[in-house]
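Chemist: Take a look at the following structure, please.
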Amino acid sequence: MSAAPSQDGWTPSSWRTKPFAQAVQYPDEAELESVLDKIKTLPPLVTPTEIDRLRDQLAAVQRNEAFLLHAGDCAESFDACTEANLRNKLGLILSVSLILIWGARLPIVRVARIAGQYAKPRSAPTEVVDIDGVKTEVPSFRGDNVNGLAPTDRTPAPQRLLAAYFHSAATLNHLRALLASGFASLGENHPSGWSLRHVRSKELRAEFTAITAALADALDFSRVIGLPSSSSPLDEVDFYTSHEGLMLGYEEALTRPSPSSKPRAHYNTSAHFLWIGDRTRQLAGAHVEYFRGIRNPVGVKVGPSMAGPELVALLDILNPDKEPGRITLITRYGAAKVETHLPPHIAAVKASAHPVAWVCDPMHGNTQTTPAGIKTRHFSTIVAELTASFRIHAEHGSRLQGTSLEFTGELTADGFSVTECLGGSMGLREDELGARYHSFCDPRLNFEQSLDLAFLVSDHLRKERSGKERGSGVMMLETSGRKSIGK
Ligand SMILES: O=C[C@H](O)[C@H](O)COP(=O)(O)O
Ligand SMILES: C=C(OP(=O)(O)O)C(=O)O
Ligand SMILES: [Mn+2]
């Protein structure tokens, strides 16, 4: 167990005296406190040992010895917590990480937005919806742990926090069981659960199969010549969970002192990694106060409204001891703004000598609404921000060390992927968005689009490794996806 940094005045509840952005107003505060008291008695979902291991691995990301894949749903829902969905989601994150390993020849640190990603900050506190033909203003949907998606179910209900705990526990239990049963194995037990049976593109299937076959071959070769190795880069796979730390009452209830460290360190045991959203990162606010005291590695969303000095002030509060592995900066400016905002942020952080992992979230700055009122993102814009981020880091003597994506491996019963983002190799069109739009909040890349993106990033990392790319040109900017991966 690692030593705790000094925490002057911090307690798991010291956030309660600070201004709270995106606050949820419960009609019955006493009921809320009684639900939180119950959660305080429930067992932790993850352990300090796992959390410390992730922090060490993120320190390796900061040293460019690993690459971070942070990905999953914008908002999980209780109803989507099914065996099929969890297999498909785990399958996608493992597939994408294999593709990245192939190109980068680096370990991929997998941190999923799963097993607790239920709360959503919103741009507007209310929205106008149609209820029985009448335009009615109702509170916005804030995620399954706050209120219901149905317009008539928008009153925040404390019992939903308890339901979130149990859905997180069920999710985590199933993921751990799948991984312990060889779900990630590339060997003979390779389950079809994360094969690409449903992917209709022959090209995608062939590329992925070639990679897994080559990896299996390499592993076989190491075995024959007697190198110690596991049977797969994904055996005994490290897989971590994360969510936005928004509902601080819930986070406090799962914040537990580690028995073995002196002074006592507090761990948020609801997930390995938590992040502060772009809407709740006020220096004097409740979220920053809470986050500064926990030992977990912390993500910070960095949007276009963040000023350089403010970013450094935030780092000073969250990581006063400049501890490696503690802070991951997740930049999300939008393709049109990255050029303006990323360079000064790189310069400010460099000058401060704060160790950080730089990660690009190419999703949240690139949301658009179609004329039909559907929230979507275009694959090409996502690629554009990611491309620019790789290049800008290289031009400024820095390095992009990971990516944060909203994607899902979720399939319909008849084996079709969701239709929420435009473009990609399947060339998804605006008039097709309605077909299988299942997201409760932001549009996610579907299985095929996620593989498209993985091949692009993998190819970039491969070229960079072999010295063919020096940070310019990088990934191609096609609206319809990739050409073919490099050999
Ligand atoms: O996931 C991020 C935010 O919660 C989301 O983008 C907000 O969406 P909104 O602008 O529709 O409120
Ligand atoms: C709310 C999110 O993003 P941001 O805070 O960057 O808008 C998110 O990642 O779901
Ligand atoms: Mn989102």
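In case you wondered, yes, glycine gets a Cβ from its N, Cα and C as well.
Sharing the record's features from TrEMBL:
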BINDING   Cys74, His364, Glu406, Asp442  Mn(2+) binding site
BINDING   Arg113, Lys301, Arg332  phosphoenolpyruvate binding site
REGION    467-487  region 'Disordered'
Chemist: Using C-alpha positions only, work out which of the binding-site residues Arg113, Lys301, Arg332 is nearest to Glu406 (Mn(2+) binding site).
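Modeler: Spatially nearest to Glu406 (Mn(2+) binding site) by Cα position is Arg113.
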Chemist: At 10 angstroms around each C-beta, which of the binding-site residues Arg113, His364 has the fewest other C-beta atoms nearby?
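Modeler: Each of the binding-site residues Arg113, His364 was scored by Cβ atoms within 10 Å; lowest is His364.
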Chemist: Which binding-site residues of Cys74, Arg332, Glu406 contact ligand 2 in the sense of C-beta under 6 Å?
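Modeler: Going through Cys74, Arg332, Glu406 in sequence order, those close to ligand 2 turn out to be Cys74, Arg332.
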Chemist: Can you give me the Cα-Cα distance between Asp442 (Mn(2+) binding site) and Arg113 (phosphoenolpyruvate binding site) in Å, rounded to a whole number?
Modeler: 13
Chemist: List the same-chain residues at least 6 positions away in sequence whose Cβ sits under 8 Å from the Cβ of Lys301 (phosphoenolpyruvate binding site), in sequence order, or say none.
Modeler: Trp275, Ile276, Gly277, Asp278, Arg281, Ile330, Arg332, Asp361, His364
Chemist: Within 10 angstroms of the C-beta of Cys74 (Mn(2+) binding site), what count of other C-beta atoms is obtained when all protein chains are considered?
Modeler: 22
Chemist: In whole Å, could you give the widest CA to CA gap in the phosphoenolpyruvate site formed by Arg113, Lys301, Arg332?
Modeler: 16
Chemist: Least buried of the binding-site residues Arg332, Glu406, Asp442, going by other Cβ atoms within 10 Å?
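Modeler: Result for the binding-site residues Arg332, Glu406, Asp442: minimum number of other Cβ atoms within 10 Å at Asp442.
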Chemist: Take the mean position of the Cβ atoms of Cys74, His364, Glu406, Asp442, the recorded Mn(2+) site. Which other residues of that chain put their Cβ within 8 Å of it?
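Modeler: So the extra residues in range turn out to be Met363, Thr367, Ser439, Cys441, Pro443, Arg444.
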Chemist: Setting Arg113, Lys301, Arg332 aside, what same-chain residues sit with their Cβ within 8 Å of the center of the Cβ atoms that define the phosphoenolpyruvate site, listed in sequence order?
Modeler: His70, Glu244, Trp275, Gly277, Asp278, Gly299, Ile330, Asp361, Met363, His364, Ser404
Chemist: Which secondary structure state does DSSP assign to Lys301 (phosphoenolpyruvate binding site), in the simple three-class scheme?
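Modeler: Note: Lys301 (phosphoenolpyruvate binding site) is in a strand by DSSP.
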Chemist: Using CB under 6 Å from any atom of ligand 3, narrow the binding-site residues Arg113, Lys301, Arg332, Asp442 to the ones that qualify.
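Modeler: Listed by sequence, the hits are Asp442.
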Chemist: Are any of the binding-site residues Arg113, Lys301, Arg332, Glu406, Asp442 near ligand 1, with a Cβ under 6 Å from it, and if so which?
Modeler: Asp442
Chemist: To the nearest Å, how far is the Cα of Cys74 (Mn(2+) binding site) from the Cα of Arg113 (phosphoenolpyruvate binding site)?
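Modeler: Arg113 (phosphoenolpyruvate binding site) has its Cα 8 Å from the Cα of Cys74 (Mn(2+) binding site).
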